[in-house]
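Undergrad: A single structure is presented below for examination.
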């Protein structure tokens, strides 16, 4: 046996081997040690190998899904090795013959299908990543991602600078790459951020055989029947289906043909922005408190998954967004239809995942019932939607898809399945009585034999005088007679010992058998096996009917999800007083009465109101001389705790929700399409990469300044705060100028550097705004209103006092602040605004090199050490440098 184990283990390196032995999966050697630690189960030993004890642990087959889930969550992959013949067949080959075993499946994070292993509200993506190296040095990447539990299959292509954002959007559970790509130092940091990366041999990513492998998987002669793909996309797609073939071993899950996602069809959002805005998870990693949690009113698991997909990938096509908004508007206007549809959806099962399990031979009776109930829900939904006059395009398309599944299949399933269904088909009892005559006859014979056992138990109890005598059954002994230890001697003594044969002694019971009981057991076993065999045949026939109707079932499942999301957004709009946004191709960004969707709900739960605010980043009307009433960049100043960060985030979230196809938390919103969303909000270090908080901030700011186009929306909070005052002020100053002159994008910039407000005099599209506060008897009251103007102080000491700093520290801080304010730093900066030229737009590939000899001004600058200077010394040095400038 151990020789067989070692042979199978050698063929599956890097995976924990679940080796089937009877009712357990056993693990040996290092696998046992790893599993014992990960699962918290006892490590024992079994025999010896090369003179050393063999470590061993095991898990019961009936609970294996739970243990698999824990191992996968811990980052392990598992090979499941089953017995492929009956032990009796092995014995016929000889007493020392080992039962044949084979690996039937590789369980990896990206190839899960069982409900017990999956999050019902989230997709489970396997992603293949392929790279093409260009002679210009600019790499291109193709991504193919598949959820085998729902049959979704997508491909796209992107540049190296878009790769991180694309991976963050898809959020795969497992990524497969070539071993060459896995060892590439340029991608090392990015790959380490992913939850599970599996390197594969280079031939898995062989572009020359990609089309052949795809055609083979989908059983088509040419690629014409599949989506048009680039050669690189086909390479990634072929790698993905090849890996699925290898892990599913003989079970090829049906997949939808790959759908190609065009570049630029969705809003690009980098990983830092996703984290900062807490779209699907809070910074603490929790779903609760995220935007997804706040807006999710879906009734089905499939609807929740689709909502998460849409939230991760807002559209950039106005027509597609309008179609989504039209569906939401129709269900917002018709409250009765919305409520009725949501009530029907509450009963709709997860048809796509049920179908996937049936296709892979892992389904059960409840999956068949799910398909039956899904078709019934489709009929109910169609009947309710028929009352809509002129349904919008999105709802009409969903109605058409709901007509697809076979009603004959639903009727057959309704006739076949019983009321109370077991989880596993091997348990039997799922076919309705009267559906199949042969099955009914086998069941009667089986059940009548069981009545004979009950009568035999009563007779044995009477004959022995042991009223507590029981006839029981287990998989090891079969049927047996059981008595307590105090009555055992009676059965082991004459004359009863001629009838009762001793089989087993336990702590409190003794077990016996009889020749009569053995005969009855054989009859029951034969009848039971025949009944179960007939049921399993019926199950396979019904599953085959469902699989043949697979495309129609999957389309209907997607239609349910689309209706669920539309009805969810409609419910959200009514509950939270959201309004339909106007989306167009302009550069407008005009929000009236905007609110933060998450914070508003949190305040509502405590009975507090949320203060709504306007924001207009639309281009000012010509001429653009002066700041006008609005500008493309808002410079926001105000105290700590006043709500600046909330204001920044709420406008980003409003834009995102609008392009997802949701109504938005505002009284009015007009938004020109945003192609990229950038957020630099919050502070965190990255110790694993040796980055300080300030370094992380600068890296993220660099990405924004290098990539933001005029169609981007940028929100920046407290740029420059992590370094010396003048350094930070200078960086913030230059960043604003770059956004204004080079990126020319819509932006919100919050700062405590009040000196920067003077820039609005020179930058015509920079608009000053401030968060209003009120002082009352020495206390600061935060009004959370955003108004035109500039703050002259941050009230940091008042906030520090509210936080509980000792009174002595507060008093000293006030004294120091008074002396610093007496130096009137702000007026000096305003002089600089007048003296310094505007930001000069340079090539993004680098700055021009200085020419000529070093000037006295440069030498003087080199001699300065800003970190060692007091504010007064720095100011004096600045005047001295100004005096060295050539006279004009």
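Any Cβ shown, glycine's included, is placed from N, Cα and C.
For 249-271, the entry in Swiss-Prot reads region 'Disordered'. Summarising the annotation, Swiss-Prot assigns ATP binding site to 638, 639, 640, 641, 642, 643, 644, 645 and lists sequence analysis as the type of evidence.
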Undergrad: Name, in the order they occur in the sequence, the residues of the same chain whose CB lies under 8 A from the CB of residue 642 (ATP binding site) and which sit 6 or more residues away.
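TA: Listed in sequence order: 771, 772, 773, 782, 783, 784.
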Undergrad: On the DSSP side of things, how many residues of the region 'Disordered' (249-271) fall into helix, strand and coil, could you say?
TA: 1 helix, 5 strand, 17 coil
Undergrad: Which are the residues of the chain, 638, 639, 640, 641, 642, 643, 644, 645 excluded, whose CB is within 8 A of where the CB atoms of the ATP site average out, their centroid?
TA: 771, 782
Undergrad: With H, G and I counted as helix, E and B as strand and the rest as coil, say where DSSP puts residue 639 (ATP binding site).
TA: coil
Undergrad: Among the binding-site residues 638, 639, which residue has its Cβ surrounded by the fewest other Cβ atoms within 10 Å?
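TA: Fewest other Cβ atoms within 10 Å, among the binding-site residues 638, 639, is found for 639.
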Undergrad: Please work out the number of neighbouring Cβ atoms within 10 Å of the Cβ of residue 641 (ATP binding site), leaving out its own Cβ.
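TA: There are 19 such Cβ atoms around residue 641 (ATP binding site).
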Undergrad: Check the DSSP secondary structure of residue 644 (ATP binding site), expressed as helix, strand or coil.
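TA: Once the DSSP labels are grouped into three classes, residue 644 (ATP binding site) ends up as helix.
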Undergrad: Using all protein chains in view, find how many other C-beta atoms are within 10 Å of the C-beta of residue 640 (ATP binding site).
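TA: Other Cβ atoms found within 10 Å: 18.
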Undergrad: Give me the long-range Cβ neighbours of residue 643 (ATP binding site): same chain, 6+ apart, Cβ under 8 Å, in sequence order.
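TA: Expected: 611, 771, 782, 784, 786.
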Undergrad: Where's the emptiest Cβ shell within 10 Å among the binding-site residues 644, 645?
TA: 645
